Structure formats: C-alpha cells, structure tokens
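**Q** Quick one: the structure is below, and I'll ask about it shortly.
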C-alpha cells in the first residue's frame, strides 16, 4: 500500500520536476498566451502551400523564462478550418471544418519577445489527417496558386520591387535589403499573380545619405529585421501592374550574433562609462525632459548598453535607466548637477538614438521610454480562453491538465450559444 502511494506521488511530481529550471507557468488570463500562440499559428498557416488553414483549439502548456531575452514555450492543439490558405483570411475568421473530415494537430513552439513583439524561434507541428476523401490530381484547382521554386528567375524583378516599395513607404531611418525568400506561389490569370513570403534586414545605409539601396550596403547583424508577405500582379506585357505588401518588423537582436570582423559602417559596442558618450547622453536626457510632461526633471541613473556607428557623422544607440529628481520644472529652467534622484521616484527604461554631425553642429536625438513598473490591466473576463480540465495519458501515466480552450469560434458540431463563462485564473500547465 505504501509503495502504491509513493508511486502515485511520484507520478504527480515528475511533470513539475521535468519543467525547465527557472520557467514560470502562465495562466489563461495572461494576454501574452493568446498573443504568442496567435503569432505562432499565423506563421504556421502562412507557410502552408495548399489546403485549409488550421484554427486554434486549445493551449495545453505555457511557460515563460526570463533572461537576457524573455523566452516563451507553448504546446497547443489545432483543428482544420473551413478557410483555404489562399483565402486572405486569418485563422480567427474561420470556423472548424466538420469533425469527421477535419485534420487535427499538436504544435510545440518557442518564441522570443522584444519591445512587445513576438517572433517564432522554433516550431514543430504534428498533423493527423482527417477521414475525408483524399484529393487526386484531377481534383487540383486549375487557376489556383501553385508553389514555385524560391530561386526562380521570375521572382527577381518582383522581389526588387517589393524591397523598393518597403524602403519608399516606411519611416525607418535606414534602408532594408532582402534576407531570404521563405515561400513563393504563382497563379495564372491574364498575366501572373505572385504571392511571396520573404524576410528583410536593416542595412548600414541611412535614407538620409543614400537615396536607394546599393550593392555596398551591408546587412547589420544588430539591425532590425522583418517578415513580409507580398502580392504582385504582372500583366501580359510583363509589367508589374499591382502590388500590396504587409510586413511585421522586429527590433534588432544582438544576443546571438556577433559583428563580423572588419565590418565598415557596422555598429560597435562601447563601454557604458566611456567619455565618448557624455555628449550623446546629455542630448538624450535633454530630449527626454523636453518631451516628457512630468512636473519633475529626470536624470540618467544607469547606462545599460551603448553602441556607436560611423555614417555621415556618428549614430549613438544607448539604453539607459532614468530616474525622477527633486528638481521641478517650475523652479528650474533646466536639469542641473545639484538635482538628486528621489528614493521613491519614478524610473524609466529608455532607448535613445542620437545622430550627430559635429562639423555642422547638427544633433538629432530620438528617445523612447517606458515606466519600469508599467502594468497592462484588462477587465475581468477579457481573455479569449476558458479553462478546461483535460485528461492526458502517456506511457501508462494519466494526469489532469489545465488547458486554455479558445472560445472565439465554435465548430458546427458544437453550434449554439456560448456559455457565459469567465476564464479562471489558473496555470496552463499542471
């Protein structure tokens, strides 16, 4: 009897002991659960070449691990929807396909998050086909989008146009270059339609100094990057007659890539206590106090990271923490050395970009800050999930899991009024 009790206890403890050290479990009411899984599922659907999109069914596991970069890990279940991958709809616009014919699957994904944007690092989905009839060659859609080689010469003018369109229609300070083509499809019409998914990366060429992308513009390992989906129509005269593009842009990630040696024009790290930063920091805090409507001045407390980049001048990129001082804007016209930080004053995490051309006495500072203690609050019941207890059996061991079931859509088999149920604050994992 004691042996049985010990075995039962171990079966409950093993899942939690196996959990990655330092990982924090997430609950269904945490808005990052939906944001992260939505990003992962949209990426999976975007990479499908044919068939229907998949719709989120439930999230069964979710953890967050803080470090130099915050990493999120999820396991979620999906079901085939009734919207094709070429429909232009998102998975949230689709309903579940009839249960008998629908494919199902489970995905395991890891995401990074920086400046409130998620990016998928890894993702594996195992799909179980439905019981519906299999498509034959005769069933293939004539005139529908078909996959084409990603290195096709037909794509070169289309991709060149896509990158030029991005550079000409965004407010980013630098030009971007093509990094990689991820998928490409074509459709025969009166001419040709192309749908291409591709990634772009920031170069060292600023728009102020370079009117267009050149061959000597170098992609920056520290630079911003993005993923785009472009739709292009090439008419019968082989002219681009229509184009649309949507891009998700992510801030640069310098955690895993080192700068190449002898990279002219690339940013270089400089010590946070370097005298070289003194002038740039002065412009940064002056800009912060000018644009911030707080009644007290802020001063720089800690410099966390800094880089400089030689262009037509110098660009300093600095991350620092600013703290509220005891000097009010009513009593002083500017921040002075005798202003002291308040012990319980507000703290800001700031990112500054300071462009300096000393021979012209030109300084262009840009500062973005966020309160360190800023918390996003939501009304109760806003979560798109409801808590569901799910029984799982693996290798002879049965356990109950708290899963977050998506309540945005109902399959036809479960059609009817949605229950008036508020998501409970419970963790996703056991």
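Note that the numbers count up from 1, one per residue, in the order the chain is shown.
Yeah, the Cβs are placed from backbone N, Cα and C, and that goes for glycine too.
Annotated disulfide bond per Swiss-Prot: 83-94, 107-125, 141-144, 205-217, 228-247, 263-266, 327-339, 350-369, in sequence order, evidence recorded as sequence analysis. According to Swiss-Prot, the domain 'Cystatin kininogen-type 1' annotation covers 28-131. Per Swiss-Prot, domain 'Cystatin kininogen-type 2' is recorded for 150-253, and the stated evidence type is sequence analysis. Swiss-Prot lists 272-375 with the feature domain 'Cystatin kininogen-type 3', giving sequence analysis as the kind of evidence.
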**Q** Looking only at 83, 94, 205, 350, 369, the disulfide-bonded residues on record, which one has the least crowded Cβ, with the fewest other Cβ atoms within 10 Å?
**A** 369
**Q** In sequence order, which same-chain residues at least six apart have a C-beta under 8 angstroms from residue 107 (disulfide bond)?
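**A** Sequence-distant Cβ neighbours: 40, 41, 44, 74, 75, 76, 77, 78, 123, 124, 125, 126.
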**Q** I need the CA-to-CA distance for residue 247 (disulfide bond) versus residue 205 (disulfide bond), whole Å please.
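**A** Residue 247 (disulfide bond) and residue 205 (disulfide bond) have their Cα atoms 20 Å apart.
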**Q** What does DSSP say about residue 205 (disulfide bond): helix, strand or coil?
**A** strand
**Q** For the domain 'Cystatin kininogen-type 3' (272-375), what are the DSSP-based totals of helix, strand and coil residues?
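**A** When I sort the residues of the domain 'Cystatin kininogen-type 3' (272-375) into the three classes, I find 20 helix, 54 strand, 30 coil.
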**Q** Can you tell me which of the disulfide-bonded residues 228, 327, 350, 369 is spatially closest to residue 217 (disulfide bond)? Compare CA atoms only.
**A** 228
**Q** What is the pLDDT of the domain 'Cystatin kininogen-type 3' (272-375) when averaged and given as a whole number?
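**A** Over the domain 'Cystatin kininogen-type 3' (272-375), the predicted model scores a mean pLDDT of 85.
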**Q** Which whole-number value in Å describes the distance between the Cα atoms of residue 369 (disulfide bond) and residue 327 (disulfide bond)?
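**A** The separation of the Cα atoms works out to 20 Å.
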**Q** Can you figure out which of 94, 205, 228, 339, 350 (the disulfide-bonded residues) comes closest in space to residue 266 (disulfide bond), comparing Cα atoms?
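**A** Considering only the listed disulfide-bonded residues, the nearest one is 205.
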**Q** Express the distance between the Cα positions of residue 327 (disulfide bond) and residue 94 (disulfide bond) as a whole number of Å.
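**A** Cα of residue 327 (disulfide bond) to Cα of residue 94 (disulfide bond) measures 56 Å after rounding.
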**Q** Provide the three-state DSSP residue tally for the domain 'Cystatin kininogen-type 1' (28-131): helix first, then strand, then coil.
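**A** Computed counts for the domain 'Cystatin kininogen-type 1' (28-131) are 19 helix, 53 strand, 32 coil.
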**Q** Please state whether DSSP places residue 217 (disulfide bond) in a helix, a strand or coil.
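**A** It is coil.
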